[in-house]
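Below: one structure, written as structure tokens.
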Amino acid sequence: MDTLQLTFYILLAAIAYSFLGGLITKNYSQVDRLWSVLPPVYVLIWMKDFSSNPRYVIAAVLVVLWGIRLTTNFAIKGGYAFSFKKGFYGEDYRWDVLKAKIPNPVLFELFNLFFISGFQLGLIYLFTLPLYYLGSQTGPLTSVDYILFALHFILLAGEMTADIQQLTYYKKRSDEAEKNNRRIQLGFNTLGLWKYSRHPNYVCELGQWFVVYFYLHSRVGLHYTLAGPVVLLALFVGSTIMAENITAGKYEGYIRWKKMTAPWLPLLAPLPERKNKKAFLAEK
């Protein structure tokens, strides 16, 4: 069995685990617990074939660092909360929202099989797959490689920074000493990178997987695995819309904040609204 076949069988096992885990426990965050684990597993298995290729090795190390960082962040937020009685019981709040929208249990389990488990885990495999094809591209490193390595690292550091800022904000929001701090009590983060983008973590996350694709693109040109980050972008857009609708329903200032702050890249916010941001943040 070659390494690509092995990782494909791991994908099938992960789909079965995610679906059956959700079906049995009614906790549908099995896929969330696998999201940050599977890409490092895939690239480390492929490393057996490509360990002499520095281009592959450097890119793979950055993906492993991404996995360690994201797994740690998800664990801090309770995503791996476990008890012997319940098993893993941490769950993303958005699955409850979707369960309410799909009240029929049979339909929801079909949704669990085809979207939550099959589609999302297949997507993870697809956006990691460019590295497998990259492994067979030999030749000395070029200036393009070094630029992509640097960009990959910057995006990784940016995502880590955004997540740390978000965790710090959540901690402050529940701090009694911050109860009269309007900016903290808005209910949503307006500090650090979050002042300039409503989802800086998503920007950096997506950017990393586009860079993973462009490692390959820079060697072979257009490749079918571009579908991975493109579909991931579409998934993130849909997830963002749902999350922001929930946030807007909980915090009255969020609709105003949406008008003043770009969802992704800072310069995409309308200029007149950007000028109102300073006044909004200064309100008492």
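Heads up, the Cβ atoms here are built off N, Cα and C, so glycines get one too.
Heads up, TrEMBL stuff is auto-annotated, nobody curated it.
Remote same-chain residues near the transmembrane segment (6-25) are listed as 31, 34, 38, 41-42, 45-46, 86-88, 109, 112-113, 116-118, 121-122, 125, 132 (criterion: CB distance under 8 Å, separation of at least six residues from the stretch ends). Residues annotated as transmembrane segment in TrEMBL: 6-25 (among others).
Sequence annotations record features per position, and here TrEMBL assigns transmembrane segment to 56-76 (among others).
The feature transmembrane segment is assigned by TrEMBL to 110-134 (among others).
The transmembrane segment annotation in TrEMBL covers 146-164 (among others). Remote same-chain residues near the transmembrane segment (146-164) are listed as 58-59, 62, 65-66, 69-70, 73, 192-194, 200-201, 203-205, 207-208, 211-212, 214-215, 218 (criterion: CB distance under 8 Å, separation of at least six residues from the stretch ends).
Annotation source TrEMBL lists transmembrane segment at 222-243 (among others). Under 8 Å from some Cβ of the transmembrane segment (222-243) lie the Cβ atoms of residues 94, 97, 120, 123, 126-130, 133, 198-199, 202, 205-206, 209-210, 212-213, 216, 263, all in the same chain and six or more residues away from its ends.
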